[in-house]
Structure formats: structure tokens, C-alpha cells
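Straight from TrEMBL, the features:
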- B:Asp131: active site, proton acceptor (ACT_SITE)
- B:Leu15, B:Gly16, B:Glu17, B:Gly18, B:Thr19, B:Tyr20, B:Gly21, B:Val22, B:Val23, B:Lys38, B:Lys39: ATP binding site (BINDING)
- B:292-304: compositional bias 'Pro residues' (COMPBIAS)
- B:9-289: domain 'Protein kinase' (DOMAIN)
- B:290-330: region 'Disordered' (REGION)
Amino acid sequence: MAANFWTSSHYKQLLDTEEVDVVHPLDKERGMTLEDFKLIKLHMANYIARLAQNVKVRQRVVATAITYMRRVYVRRSMTEYDPRLVAPTCLYLASKAEESTVQARLLVFYIKKLYSDEKYRFEIKEILEMEMKILEALNYYLVVFHPYRALSQLLQDAGMNDATQPTWGLVNDTYKMDLILIHPPHLIALACIYIASVQKDKENTAWFEELRVDMNVVKNIAMEILDFYDSHKLITDDRVNAAMNKLAR
Amino acid sequence: MSEAVVDRYEKREVLGEGTYGVVFKAIDRKTGQTVAIKKIRLGKQKEGVNFTALREIKLLKELKDPNIIELIDAYPNKGNLHLVFEFMETDLEAVIRDRNIFLSPADIKSYIQMTLKGLAFCHRKWVLHRDMKPNNLLIGPNGQLKLADFGLARLFGSPDRRFTHQVFARWYRAPELLFGAKQYGPGVDVWAAACIFAELLLRRPFLQGNSDIDQLGKIFAAFGTPKSLQWPDMVYLPDYVEYQHVPGQPLRTLFPMASDDCLDLLSKMFTYDPKSRISAQQALEHRYFTSIPPPTEPASLPRPPPKRESVNSRVSDFNPQDGPTVLSPPRKLRRVMPQREGFDINAQLTDTMDDHGNEIRQTAGERSGQAPMSLDFSVFGMRPPSRPTINSADRSHLKRKLDLEFQLPEEE
């Protein structure tokens, strides 16, 4: 698939950061800040990943689900589309779209297991209704490209197969941010390789220069990822809860 | 918001019952365009949007090409998902079957060219269609042929992904699938396109096996049992069994009317080893398409007259004795073909169709001797046997394989 990213709907839908970092007016009314907005999306990305671990799906499904969730909130408000319902529904829809269906009742079962909080509890029926609304919010575009494939090819090409583990982890972490909505996946992969190279003191400037990509973009993505790691240390449960509490239900 | 979308389409008559819902004709009030709307039944309300429908949406949203059916819009209404497609008048199966239509070599070239163009586009986008057959090739008001029904289609990006081999209606299934291959590529679609090509030439399905084993028998009777030199990987396929050696027929005998270029392309599409089989793109570059006669302009292609009930995607004539999965236009008697040298076919056909039907089944058993199907022009007089589609066993297999890959064993 990777070969056709440039003609895909994913490519055509890539956004600027300014377009992604917009708090919906309805959410603003509830006092939600951009900071809260990002925190909730991060929290939901983690929720999807945890849920996915329980129902046992491939990382690709997790990545697609998180991308769906992030795309939904480019267009819709959290006030109208409760993230606690949107997140598992995105996982449900992504599992179908990625050809490894998870049953809705299984999701409901694990949601109950993970969260005792009433606000996270949803019936199968609610998930199925939300599925339709998410499809609409996504404008029925379901194919998503991810950095993973580019990553393994690039690592091999760079002779960095030993860095597969850490870079793979880095790529996973990029889904805690909105990068997948903004940058082509192979550039995200390159940014992760760049970080790993710097970390390991591996000199492969020549390799990067031979690639026909804009290294400035790659470096900027890498900086964004590193900034995120810095700010991530400051995120506490209290801050997440405070943000979530602005979403009265 | 969805209310507005609903109002946009003025519902007309029901066109038919598809595999996962009703299809009706409608007029787009905004554009005046005639469209076909598929209403996806949400079934037992247990697993949300139908998996097959979702696949079709996912892929058709990415595939925009003159030779691929256009998914214009989608909207929910009263809990059902509605898919809006461009309206298509008929399909290739109806063309092949219409006894009043004469297909010139230029017409055939045009139809198969459009088929291959649609297919090459899919393959460029890493999509396998996996259900190529004449009634999934729809024909629009301007004669454009378009691939439809992507309910079985898949992205084949990762080379190591294993797929189910239970795809395609049997008559269009490539030999590697019949031998149980799980890792296969675009070659399976090319084989099916070759079967459609042959069907255009013969005006009847070419290899009409009545079981998977019989299908291989039919293939071998036509082209000869493959030697290991021809197809080295064959013996490693999961369901490989050794077949008694049969020599096969010269293509010239099987298709007496076809030109040399035509036969050359056909033989390249019918290559046993999927690795050496011609690709859809290479097929389009074959000299057959540049040699005379040039392909007929789509608008001038012979088509069945548009009827009251038009045939559209997913629309079946719902033939109860065949079960609802047989998606075919209304039954028609086969056309008695124009005289061909060596085959006096006009004579005694229509009266003895049942006998011929039996004959076919009998000859099918013995797979040595002359290729029974391919030379048996007597079928032209009889009712066509019901076309196999993905049968229910295959379907449940598919379901298990694809829908429930990650389902935990739980009780209902």
C-alpha cells in the first residue's frame, strides 16, 4: 500500500497544525482549553491502546483507531461526541476496517473490566449507533497509512535493524500526538529513526542526505516528538481528570 | 444533518435485492442524476455496519476511475446505512447472454479492454477484486464498463498476509486458489478476466466446473495438466493433488473464431504459474489492443435494450431455486450463434436441453479424452446452468476467516 500513499485519501486529507489545534466552539463554552483538548485526546489514545491489549488486536488496528478518533475531533465536538464512547467505537470500527473484527460485546466486557467509573460504561447498542456517526464524521474515509511499514524498510536500508525495538516504540508514542493527521507516515518514521540515531550516536547523516526528503521537516517532527516527551513528564492524572470533568455527562 | 441528505434523493422503484440489502433507483435532486441506492440492512443489530459493506465503502472511497463504479455518497437514515452509486443500466452477463446481440471482434476487444483497465487500476492501488465475473462488470448509459461489487476485495499491501482462498465464483477461480493457495496476488484477478475474455468469445461460461475438483479437471482438460516445469510451485500448494495427465487442446481449437493476437493474449492470461502470468497492465500493452480492428467506442457497443427493470449493482433477479446469492439478470434462452465452420449448431438444440445438460455432467466426469466443455457448442441451445457464486459453505468459511479472526470463543 505504501506505494500509493500519494494518491490516497489519507494524503489528500493531511492538515496543518493550525487546523488540528482548534477547540470546537461547543467545547470552548464548557471552558475547555487547547491544552485540555490535547490531554483528552492523549488520554483516549491510551484508553484505546489499553483496550486493544485486552481484546488482542494488531498494533495496526490500534494506530488506525487512534487516527479515526483524532480525525473525528477535527470536525466534531467532545460535548456532542463523548470521547469515552468515541474511543472504543473507533477501535471497533478500525478492527473491522483492518480485517480483524472484534465483537462489540467483547469490547463492552473489557470496558467494564478496565473502568469501574459509570461514565465509561456503554451498551453495545450505543457503540453501534456511534459507529454510524463516526463513519459520517470520517466522511467514510477508512484507509489509513502508518509509519510502521516505511519504518522497517528504512531501517533495513540504513543498516539499523538493531534499532527496530526503540524506533517502533517511538512510532507507537507518536500516536499520543496528532502527527498522523499532519505529516506523511514515512516522514514520521524518518523522524523516529533520526531520534534513535542521535540517541545512539550513530552517524548516518550521509544516509539521510541521500534520501530525497526535506530534512527540515523531518527534524521539525523529531523536535515535536522530543518536546512532547518533555511535556509528557508533567502530565498527571489530576490534570487529565480536570480536563475530563469539563465534559459533563 | 442526515435529513437533508435523505431529501436530496428522490426514491424511485426497487431495482432488486442484493446480498446485504435492497437496491433502489433514485434521482439526485441536486444534480438531476439517476443513481442507485443500496440500503444496507443492519441485520440483527449485533455487529453494526455490515462487514462486507464496510469493505466496499473503504475501498471504493479510494478507487476513483472511469472503469470502477463510483460511490457517490453515503448517509445514514433510520439506523440504516445507504450507499449512493452511479446508476448502471446493465451488466456484461446480460450482454453475453442476449441472443439478439452480435459481438464483433472489435466489441469484444473493447469490453475486455475496459475490464483490464479497471483491474489494472485496482492493482496499481494494491486492491485485489477477488470476485471478477461478468455480472459484476456493470455497464453504464454511455457503454462504459465498470468493475463493481468490492465486497470481497482486499488490500494486498503486505506480502506475507495470508488470505482465504475461498474467493471468486468457481468458474472464475484461478488454479492456485483451487489448490488452496493462501498467499496470492493480482494474478487471481487476471485469471478471472481471462475466463471473462473467453466467455465473450464463446458467449457462454468457458470452464463450468460443478465442484472445485471438477473445476480443475475442466481447466486441465482445456489447457493440459500443468507440468512441474510450467509451474514449479504447484506441488507445494496446500490442497495440491496429482491429476492424471491430460494433454489439453490447442487454443485455436477452443476458440476457432479468435485472431492470433487474441489467442496469444488469452494464453498469457491463462498461464498456470501465477508468477509468469501476465499482469493486467502488461495485458493492456499487448499488441492485441493495437492491432486491427481497434476496440469499439463504448457508446457504440451493442447492449441489451434498457428494460423497465434495469439491472444494477448487487441487484439480483433473486432466483429462489438457486438461492439468493445467485446474482444474475433474468434468465433468457441462449442465443443461437451465427454459423461457425465445423459446428452445425443451429440444428437440434433447444429441444433437448435437458439431455445435453446431463451429457455435460457425464462428460465432465471423465477428464481424459477431448475437452468436453470447450468443444460442446450444444450448450448454446439450452438454459444456462445456474452460475455458481460464492456458495454458502464458502461464505461461512469466509466469515470465520475474515469477520471473526479475533473473536474469543464465546457462546451466543
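Cβ from N, Cα, C; glycine included.
Automatic, uncurated: that is what TrEMBL annotation is.
Here the features listed in TrEMBL are placed on the structure.
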{"residue": "B:Leu15", "record": "ATP binding site", "DSSP (3 states)": "strand"}
{"residue": "B:Gly21", "record": "ATP binding site", "DSSP (3 states)": "strand"}
{"residue": "B:Lys39", "record": "ATP binding site", "DSSP (3 states)": "strand"}
{"residue": "B:Asp131", "record": "active site, proton acceptor", "DSSP (3 states)": "coil"}
For the compositional bias 'Pro residues' (B:292-304), sequence-distant contacts whose Cβ falls under 8 Å of one of its Cβ atoms, 6 or more beyond its ends: 89-90, 94-95, 98, 100-107, 109-111, 113-114, 139, 142-145
Neighbour count (Cβ, 10 Å) for B:Leu15 (ATP binding site): 24
Distance [Cα-Cα, Å, rounded] between B:Val23 (ATP binding site) and B:Asp131 (active site, proton acceptor): 19
Cβ neighbours within the same chain of B:Lys39 (ATP binding site) - under 8 Å, at least six residues apart: B:Gly21, B:Val22, B:Val23, B:Phe24, B:Asn80, B:Leu81, B:His82
Between the residue listed as 'active site, proton acceptor' and B:Leu15 (ATP binding site): CA-CA distance (Å): 21
Summary of DSSP states over the compositional bias 'Pro residues' (B:292-304), given as helix, strand and coil counts: 3 helix, 0 strand, 10 coil
Per-residue Cβ crowding (10 Å cut-off), top of recorded positions B:Glu17, B:Asp131: B:Asp131
Rounded Cα separation (Å) that holds between B:Asp131 (active site, proton acceptor) and B:Glu17 (ATP binding site): 18
Model confidence over the domain 'Protein kinase' (B:9-289) (mean pLDDT, whole number): 89
Neighbour tally for B:Gly21 (ATP binding site), based on other Cβ positions within 10 Å of its Cβ: 21
